[in-house]
Amino acid sequence: MSHSAVSQAASLSVSTGNDRSLRRSIFKQNNSISFNSKSWASSLALNQRTTSIREAKRYTICMSVQQTSSSKVSVFPLELEDPKDPPLNLYKPKDSYTAKIVSVERAVGPNAPGETCHIVIDHDGNLPYWEGQSYGVIPPGENPKKPGAPHNVRLYSIASTRYGDFFDGKTASLCVRRAVYYDPETGKEDPSKNGICSNFLCDSKPGDKIQITGPSGKVMLLPENDPNATHIMIATGTGVAPYRGYLRRMFMENVPNFKFGGLAWLFLGVANTDSLLYDDEFTKYLKDHPENFRFDKALSREGEKNKRGGKMYVQDKIEDYSDEIFKLLDNGAHIYFCGLKGMMPGIQDTLKRVAEERGESWDLKLSQLRKNKQWHVEVY
């Protein structure tokens with residue numbers, strides 16, 4: 001796509017959005033609105049439904065904005081900024097919301113171990129959320145352990161800002177790795193033991209219905225009281241999801257009441273280059289905002305060694321920058337961890353070792369970080 005074509009695509013996305021943002025909203029001139037009722041959401045919902053083809057076009061336009069336009073993108077409805085508290089559990093398992101799939105895209109290259117998908121869900125404005133929250137998904141079918149009952153809810157961190165990938169407050173995105181079980185004896189896949197929800201999501205088609213609960217979670221909310229704060233974000237694999245939301249809000253979207261001037265530092269651990277998620281977006285932020293964004297990758301299967309000659313995991317990359325990280329934490333930086341729970345022991349061991357080398361008690365330091373609400377962990 002030529003530069004002029006990209007500019008047109010960007011302006012098309014923005015102007016389309018501004019037209020739609022003129023829709024009537026019950027939020028108008030009301031700063032004390034609360035998210036935690038459904039009545040406002042139905043009033044805010046779009047009355048017009050678009051076809052899958054139009055959604056696909058809109059997706060293409062927005063992806064071109066993400067990857068190529070250097071100016072920030074207009075978002076709407078800005079009334080999503082008004083509530084003082086995050087939306088919580090607007091829809092519960094027994095009263096879930098029926099959303100629809102907009103798109104399912106493979107998010108990793110051919111040499112990545114396993115498959116990870118970026119899934120865009122249309123909630124039509126009825127299921128608002130804040131960056132760092134999660135949706136629950138109820139896969140179709142019967143719970144094998146409770147005949148006649150639905151499956152249990154599976155939680156997924158939301159990988160978009162409150163405005164969604166189309167910047168209009170109507171969608172949410174999930175980053176889902178397909179859970180496949182291989183028999184340890186035969187080495188062959190056993191579909192009967194595959195992850196029910198992840199396979200449902202990765203196999204979904206545009207227009208498919210999906211039952212959603214939530215949103216839930218407060219621990220990973222992005223603190224915005226200080227727009228010049230430092231945020232150190234540590235992830236393995238799909239744990240990068242909430243950080244994509246943070247970074248789009250910081251660097252891609254034009255949010256009038258949030259102008260980020262601090263430092264966002266992302267550490268991402270994956271197997272290899274093909275496993276890197278949202279790398280185009282993150283690389284662009286590095287180029288456009290070098291003073292405000294740092295990005296360090298730990299690729300465990302590509303030959304880079306840690307200080308002890310072993311594979312390079314995310315905790316080893318943290319150790320490489322430990323002095324700087326500890327100084328930032330001492331000055332009030334927030335630190336976030338998201339990914340498989342197996343990542344935490346190695347990270348905690350590394351931080352403890354570094355603290356002791358500095359003559360500090362890690363237990364005392366961790367207690368202080370928690371007390372100051374600088375320590376944010378969501379692992380699964």
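Cβ atoms here come from the backbone N, Cα and C positions, even for glycine.
Note that TrEMBL annotation is computational and uncurated.
Since we're looking at a predicted model, the values are computed, not measured.
In TrEMBL this protein carries:
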BINDING   S157, R177, T238, S300, R301, K311, G339, L340, E378  NADP(+) binding site
DOMAIN    94-222  domain 'FAD-binding FR-type'
Close in space, distant in sequence - G339 (NADP(+) binding site), Cβ under 8 Å, 6 or more apart: I234, A235, T236, G237, T238, G239, V240, G269, V379, Y380
CB contacts for T238 (NADP(+) binding site) [other CB atoms within 10 A, all chains]: 24
Helix, strand and coil totals (DSSP H, G, I; E, B; other) for the domain 'FAD-binding FR-type' (94-222): 13 helix, 46 strand, 70 coil
